[in-house]
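S.K.: Quick paste from TrEMBL:
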type: COMPBIAS; residues: 1-10; note: compositional bias 'Polar residues'
type: COMPBIAS; residues: 33-43; note: compositional bias 'Basic and acidic residues'
type: COMPBIAS; residues: 126-137; note: compositional bias 'Basic and acidic residues'
type: DOMAIN; residues: 163-731; note: domain 'Major facilitator superfamily (MFS) profile'
type: REGION; residues: 1-137; note: region 'Disordered'
type: TRANSMEM; residues: 163-186; note: transmembrane segment
type: TRANSMEM; residues: 198-217; note: transmembrane segment
type: TRANSMEM; residues: 229-246; note: transmembrane segment
type: TRANSMEM; residues: 252-276; note: transmembrane segment
type: TRANSMEM; residues: 288-310; note: transmembrane segment
type: TRANSMEM; residues: 330-349; note: transmembrane segment
type: TRANSMEM; residues: 445-463; note: transmembrane segment
type: TRANSMEM; residues: 589-612; note: transmembrane segment
type: TRANSMEM; residues: 619-638; note: transmembrane segment
type: TRANSMEM; residues: 644-666; note: transmembrane segment
type: TRANSMEM; residues: 678-701; note: transmembrane segment
type: TRANSMEM; residues: 707-727; note: transmembrane segment
Amino acid sequence: MDETQNNRTSLVKGAKDIAKEAKRHAAKNFSKAVDRASDEYSSHRSYNRFQNEDEEENNYNNYTQQDGHYAGNAANDEDGASSDATEGHDDEDEIYEGEYQGVPSYNDGKPREGQVAVGQPVSDSLKSRKELENERQADEEELAQQYELIMQECGHGRFQWQLFFVLGLALMSDGVEVFVVGFVLPSAETDMCVPNSGAGWLGSIVYLGMMFGAFFWGGLSDKLGRKQCLLISMSVNGFFAFLSSFVQGYSMFLLCRMVSGFGIGGAVPIVFSYFAEVLAREKRGEHLSWLCMFWMIGGIYASAMAWAIIPHYGWSFSMGSAYQFHSWRVFVVVCALPCVSAVVALTFMPESPRFFLEMGKHDEAWMVLKHIHDTNMRARGEPERVFTVNRIKTPKQLDELVEMQNESANPALKVLFKIKAELRGIWLTFMRCFNYPVKDNTVKLAAVWFTLSFGYYGLSVWFPDVIKHLQADEYASRVKIHNNERIEDFTFNFTLENQIHRNGVFLNDRFISMKFKTVTFIDSSFLNCYFEDVSSVGSFFKNCTFVDSFFYNTDIDDSKLINSSLINSSFHHNKTGCQMTFDDDYSAYWVYFVNFLGTLAVLPGNIVSALLMDKIGRLSMLGGSMVLSGISCFFLWFGTSESMMIFMLCLYNGLSISAWNSLDVVTTELYPTDRRGTGFGFCNAMCKLAAVLGNLIFGSLVGITKAIPILLASAVLVGGGLVGLRLPDTRANVLM
């Protein structure tokens, strides 16, 4: 009887186990069927295809087989399966939809076979370096597709527009830096008494600083991050730009402007890389083109401030003769404000999530992407929308051979070792820009950047100088010539301008509180004359004789007395330094106004390129704009007046701006994320090198001939445009 009862109990227990197991399998199969149906319904946002079926199977098999029976926890016995978000929670602890659930664990905290844990370098001794690089390449391609879907889910809204204006301030600072050089150059060289041999160095030294800065900061942004490098580079620019307004020596001023240019050199490559990595494919071309408009705004800002500040020489103060702060220094301080504003605003923005993923920092990238999603959804009035992404592919992290440093080493040596390691990393990344498949693209892009910049910056120098040359010719044609005059007992207390006095005799005359502007005395005599508080610019005394004359508080010195003789004459309290005294300088106003018009002329081109960038394609716009710009150069033959040259300047700028915008977009999209900053920085460095050569070559041809500048600019622009048409089309590409 007992044996029969035991057998019946065993049968009942076995039946219960079988029923329980059947229930568990039924629940599991039902959940999988629901997941598949949900994936088919929303296939355009399917992220589960980036997970293996084995991983999904393992998420549900939380039981183990022991002695022929299946044992599991109570929750699994009842529910059979649980989602990733709620696994391990009781019904009372279950998190409701829409509540913040924290950063999801990547692969349940355990690396799968053949995959690295997040943020950990690969150390698979069984695989060759080539195999690991191939695996990383496959991971990057998979991530590129998934990242595009994620950005589509995040949408385009408030976050992108906030970052747009912040990065726009940084790009505006780059435009201001370029224009500051041309506006400050004449005043700075005059104020600091720069000889003709040193004139022109300011423009070249700033571009050289920008060239090295573009390469350095662009490469460093691929190692340390977009935001961090942009913050440091902009801070360097702002500090040394501000400092340059106070230094008195020309050599120190050159050094400060060079370091300032080195800092701002990182703006262009980092800004476009940063912004492109938070844009979906269908928005990228248009909004990167809109971002280019801030460079134009920087030029307009610099032109307007120069027109409003520099000609007002009364806006200055001095502390003795050793320290003078003229109006052009005020202009330099004002031009540093956009950079300071960009640094402050950038501190509130997050790092690029695409960069985080490239570095294997899954959790940090997920947090930034969730912030982007939530910011945009709140702005749309849909705060209940949940960020559905829980796992993002991260590329395999490869080991790098790093030289170990002794921890007890000198701190200075540690810093030098760190710098050496970063520079070596930048160089290695740069060399990878010449590996297949981006080698051909790098060479073509460098050629296009060089030719476009050579033509643009060369003509940008040539146009204003030609206009100045035409103005000088017109000014010289209006000169007043006085021959054999004799003036006695007369007081000059007004300005003498644009005059030539030959064989004149000045007897018992008084020159008090007056100004000489472009006045030349030739073979003239000054007998018993009195000079007090006299200022002169562009004025000289050639082969003149001074007898019993007295000079007090004047700027007349040996440099202005050419082959002249002084008999019983004396100088007292002479003005030291170079004087900037004229309150109304028409030529200065005119130069700033011309640059303002030339910068404003790019506005239509900016609008057209932004609206058509994704419609007609980047390459068509790049090649077409460069070819049309080259053709427009031939109209310079007809530039025989100021108004005609200004019109040519506006036409050229309006046609060439589309090429600049499309080139920025193409360069950003052609390089993969791990080389984007380095590749863009190298291309931008070639741009600045071409600017230096263009300034030197075109500047030396002013007033000599028109044929060479016109033919040279046309040839390089048309040739660069044809090379640009050979680049691959990136309109349909996802960011690698």
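Each Cβ is built from the backbone N, Cα and C atoms, and glycine gets one as well.
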S.K.: Sort out for me which stretch, of 445-463, 589-612, 678-701, 707-727, has the most Cβ pairs below 8 angstroms to the transmembrane segment (252-276).
M.R.: 678-701
S.K.: Before we move on, state whether the transmembrane segment (707-727) and the transmembrane segment (229-246) share at least 3 Cβ pairs under 8 Å, counting only pairs 6 or more apart in sequence.
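M.R.: Touching, no - the transmembrane segment (707-727) and the transmembrane segment (229-246) miss the threshold of 3 or more Cβ pairs under 8 Å.
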S.K.: Below 8 Å between Cβ atoms, which of the listed ranges 229-246, 589-612, 678-701 makes the most pairs with the transmembrane segment (330-349)?
M.R.: 229-246
S.K.: List, by number or range, the same-chain residues at least 6 past the transmembrane segment (589-612) whose CB is under 8 A from its CB atoms?
M.R.: 179, 182-183, 286-287, 289-290, 292-293, 296, 299-300, 303-304, 306-307, 310-311, 463-464, 467-468, 471, 621, 625, 646, 649-651, 653-658, 661-662
S.K.: Do any residues, 6 or more residues outside the transmembrane segment (619-638), come within under 8 Å Cβ-to-Cβ of it, and if so which ones?
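M.R.: Cβ under 8 Å, 6 or more out: 448, 451-452, 455, 459, 605, 609, 612-613, 644-645, 648, 651-652, 655-659, 661-663, 666, 706, 709-710, 713-718, 720-722, 724-725, 727, 729.
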